[in-house]
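Sequence annotations record features per position, and here TrEMBL assigns region 'Disordered' to 1-57, 203-230. Summarising the annotation, TrEMBL assigns compositional bias 'Low complexity' to 7-18, 25-44, 207-230.
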Amino acid sequence: MTQGYCQRHLQQQQQQQQPHEERQQQQLQDKLQQQQQQQQQQQQHNHHRQQQLEQQQQQNREASALCLRLRSLNISAAALRAATTAAAAAAAAAAAAAAADNASPDHCSSSTGSSSCCCCCSDETTCRCKQQDPESVVSAARPAALAGSAAAAAAAAATATTTAAAAAANRAVGLLHLPNHLLLLVFCLIGVGTDGLHKTAAVRTPQQQQQQQQQKQQQQQQQQQQHKLG
């Protein structure tokens with residue numbers, strides 16, 4: 001009786017232990033699966049983060065390139081107007097000086113009486129003299145004074161041009177006065193990473209320029225053909 005009872009007790013213990021061991025194994029397997037899933041999720045997150053960083057770096061590079069292009073295309077309208085005005089003033093001064101040189105003699109000597117003698121000398125030995133009235137002598141001396149005034153005006157115009165060009169070079173134009181982080185924000189809103197550069201009117205790729213030239217040539221050829229047919 002005692003042996004039979006002991007055997008039954010051992011069997012019951014074994015039966016109770018088997019489900020417990022199975023549950024432990026199942027829990028271990030579940031934990032392993034959870035750990036594997038967490039590792040996969042972490043890897044996916046890291047990969048996605050790496051892609052975002054690469055896209056951000058690409059956008060920053062494109063924004064920097066666009067800033068450089070805008071800086072290279074930065075031309076001040078005030079500097080252009082000042083240069084144009086100075087060039088016109090210099091041309092007018094040169095024309096006035098040339099007219100004064102042609103109208104006034106190199107050396108004039110006056111004589112007593114109602115008339116005067118005006119001599120034009122090309123060198124110390126060759127001179128050509130002619131009689132002139134006093135009024136004509138005075139009128140001939142006026143272009144020389146005008147030439148001096150024109151030369152002074154040309155010098156002042158050149159100084160103004162230099163000052164305007166220096167001021168235009170030191171003054172930022174357009175978006176260039178904004179800080180770098182605001183520029184990056186603007187370019188991100190435009191869409192620099194996708195097709196924003198193609199939509200930006202400030203920058204045109206050589207391919208677009210070539211396409212536009214081809215379209216213009218085709219239109220001109222069509223117009224010529226229509227003109228010939230008409």
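If you go along the chain as it appears here, the first residue is 1 and each next one adds 1.
Just so you know, glycine gets a Cβ as well, placed from its N, Cα and C.
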Problem set entry | Per-state residue totals over the compositional bias 'Low complexity' (207-230) - DSSP helix, strand, coil | 23 helix, 0 strand, 1 coil
Exercise. Counting by DSSP, what is the helix, strand and coil composition of the compositional bias 'Low complexity' (25-44)?
Worked result: 20 helix, 0 strand, 0 coil
